[in-house]
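These come from TrEMBL:
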- A:16-172: domain 'FeoB-type G' (DOMAIN)
- A:23-30, A:48-52, A:65-68, A:123-126: GTP binding site (BINDING)
- A:ASN34, A:ALA35, A:THR37, A:GLY38: Mg(2+) binding site (BINDING)
- A:257-278: transmembrane segment (TRANSMEM)
- A:298-318: transmembrane segment (TRANSMEM)
- A:330-349: transmembrane segment (TRANSMEM)
- A:375-397: transmembrane segment (TRANSMEM)
- A:404-423: transmembrane segment (TRANSMEM)
- A:435-456: transmembrane segment (TRANSMEM)
- A:495-513: transmembrane segment (TRANSMEM)
- A:563-583: transmembrane segment (TRANSMEM)
- A:592-613: transmembrane segment (TRANSMEM)
Amino acid sequence: MACHDLNQQLNIPPGVRKIVLAGNPNVGKSVFFNAFTGLYVDVSNFPGTTLEISHARVGNDVVLDTPGVYGVSSFNEEEKVARDVIMEADVVINVVDAVHLERDLFLTQQIIDMGIPMVLALNMIDEAKRQGIKIDVKKMEELLGVPVIPTVAIKNVGLEEVKKAVARARIGNALPELQEMLPLVEKKTRTRAEALLILEGDPFIAARCRMKPLDRQEEIYLARRRRVDAIVAAVVQENPSGASWKTSLSRWMMHPLTGIPLLILTLGILYEFIGVFVAQTVVSITEEGIMQGYYEPFIRTLIGSIIPASSIPGTLLIGEFGLLTMTVTYILGLLLPLVLGFYLSLSALEDSGYLPRIAVLVDRMLMRLGLNGRGIIPIILGFGCVTAATITTRLLGTPRERRIATFLLAMTIPCSAQLAVITSMLSRLGPGYTFLYVFLIAVIFVLTGTILNWILPGKPSDLLIDIPPLRFPRPINVLKKTATRTKNFIQEATPLFAVGALLIGTLQVTGLLETLQNWLSPVTVNWLQLPKETATAFIMGFVRRDFGAAGLYSLALTPAQSVVALVTITIFVPCIASALMIFKERGWREGIIIWPTILILAFLIGGLISQLLI
Amino acid sequence: MTLAEAREGQRFRILLLPNRDIRAQAIRFGISEGEQVTCTAIIPGGPIIVTKNRQEIAIGRGLARKIAVEPIASPSSLKSPVRRHFYGLPRP
């Protein structure tokens, strides 16, 4: 009896061999995947989850990528997906980091114990050599019982050998302890992998096979750990090189006294690059210069000659919020350069190994807001683009943490497009008001997190992360990552924006936009003490956060009114794309709570500040 | 004593890890009960960094308070030959 069927879920025809890439996070699986499959890759949502699985047909095989995991079980979403894909594999190509064999071979041994034929790619062998680590590949092959191929994926070394070795893939040497444990369970399951995971107490696999999970996990894990340590001791020879400047830098990054200035410096550089160079200089060329200067007049004339611009389809296509005008300009002129710049910085940060060190640095502070140190990652990303950052809340361990991070992002983090407008408005008001704005947003951020931590049931989970070595990021790797991510993001975002633009366009055509403006005006005039026209800016803010801020730019406001308006527009509901992303990530039920709550809070807090300031 | 009371540079044997999930995750990173690790950094009020071989692991302060450790003076002997034989490994 088949407990589970992956073929149907991912649309893989029967009879096709499934080659699965598996490995710990950041060992270079994606580089392997790209090298194996070329450009034509399908990225599809893994059924029932928000995680994506890349897969591609290569001849009569299908190659599947999996999320990076430290082991196969069901600690989190990534592991569940990786587990299901690995269990269905005909051959696993296990990519391991030669510098971190103690860590990586745990997964290797587990997959061997699952009884799946495997080829081991011993990646980053050059890095290991540089660090004075010598690995006896032959002995390793003998001890593990599977082909071991040394590779340097980013330099395309050894990839062909790995491809060829797939034919020699073997089931390796399983733990001797399993010999007595497995047979009993194996009778009742379809595969040995299922039997092993049931022994290891995986409740999901047990339920699928209509069995009770067993409690041998610790015993097996400890035996596996001992075997891995013994193998490493037998194959690795090391010339210890003393503490280098990297070790010192690593310490500085994590210690508050030196780490906070380093973090501020890094964020400052990122802001200069994304917020100033890309958001202002580059975008003014792409958005205003190219798109609004050449593309929009061109498309208006072209479409205008067929459909009158003032007609209803004309307004929807080439009007103020037109599908062919605003949507295209926004995506190509503004979003594309911003997202590119942003992913470029992020990929470089990721590859350098700095992110986990930031997580260690801020762990203490974030615990009070209901997040552990890892929560800093989506928050940093939020300053680039809240929509993209919302996706990365997936990496947080518990639903509670994802909830808090999503809420904080939506409510308090201005995205780079919005920041650009906000900075230019604040710079007119002088440093005093700038400080006031930053102070207010910081207070709101801390208060929101603290209150959420207090009202949501449960506690923040403890930090337990692996700290990778510091590396100088490789430009080619960073560029490839950036390209893939940007492509995926644009693909995902474009339909969202089209829908958003159509929605606002329809509101405009039907006259509902004006009705909404009038309906909002009592709130803006009486409670927020702002001019009546601010309502337009708020409605625009739905479409795009910085549209809202830009709408304020042209109004005659006193400095105090500006601060009130800016704080309100910052807290105010995220743009349509990020609102939809919240719905997608957190589900409709939670989205329906988060969205109006933030809307009400924006006006409530904005009004309170207004009563205090004005 | 607990890991939270550790001093930088001190070497320990892990005596007790708090719960099943934490134990399983820690074993994957190479720390299990009975294992020897070195505390290489303490972030004031924050996580404790422990190192085993080249593997660095950050452990949140809350978790560190729940991990029982005993300090050891000198690094212990190598893994026993009996165990190596059991795994079909060559004797050192």
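Along the chain as shown, the residues are counted starting at 1.
Placed from the backbone N, Cα and C atoms, the Cβ positions cover glycine too.
TrEMBL labels come from automatic prediction, so no person has curated them.
Small disclaimer: the values here were computed from a predicted structure and weren't measured.
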Among the binding-site residues A:GLY23, A:PRO67, which residue has the fewest other Cβ atoms within 10 Å of its own Cβ?
A:PRO67
In terms of Cβ proximity under 8 Å, which residues at least six beyond the ends of the transmembrane segment (A:563-583) contact it?
385-387, 390-391, 406, 409-412, 414-415, 418, 422, 425-426, 429, 433, 436-437, 440-441, 444, 493, 496-497, 499-500, 503, 528-530, 534, 537-538, 541-545, 548-549, 552, 555, 557, 590-591, 594-595, 598-599, 601-603, 605-606, 609-610, 613-614
In terms of Cβ proximity below 8 Å, which binding-site residues out of A:GLY23, A:ASN26, A:ASN34, A:THR37, A:PRO67, A:MET124 neighbour chain B?
none
Excluding the flanking five residues on each side, which residues at least 6 beyond the ends of the transmembrane segment (A:298-318) place their CB within less than 8 Å of a CB in that stretch?
324-325, 328, 502, 505-506, 508-509
Excluding the flanking five residues on each side, which residues at least 6 beyond the ends of the transmembrane segment (A:435-456) place their CB within less than 8 Å of a CB in that stretch?
366, 368-371, 400, 403-404, 407-408, 411-414, 422, 426, 563, 566-567, 570-571, 605, 609
Using a Cβ cut-off under 8 Å, which residues of the same chain at least 6 positions beyond either end of the transmembrane segment (A:257-278) come close to it?
251, 337-338, 340-342, 345, 349, 354, 357-358, 361, 380, 383-384, 416, 419-420, 423
List the Cα distance (Å, whole number) between A:GLY23 (GTP binding site) and A:ALA35 (Mg(2+) binding site).
16
Same-chain residues at least 6 apart in sequence whose Cβ lies under 8 Å from A:THR37 (Mg(2+) binding site):
A:ALA56, A:VAL58, A:VAL63
Taking the Cβ of A:ASN34 (Mg(2+) binding site) as the centre, count every other Cβ atom within 10 Å, in any protein chain shown.
18
Which whole-number value in Å describes the distance between the Cα atoms of A:ASN26 (GTP binding site) and A:ALA35 (Mg(2+) binding site)?
16
CB contacts for A:MET124 (GTP binding site) [other CB atoms within 10 A, all chains]:
25
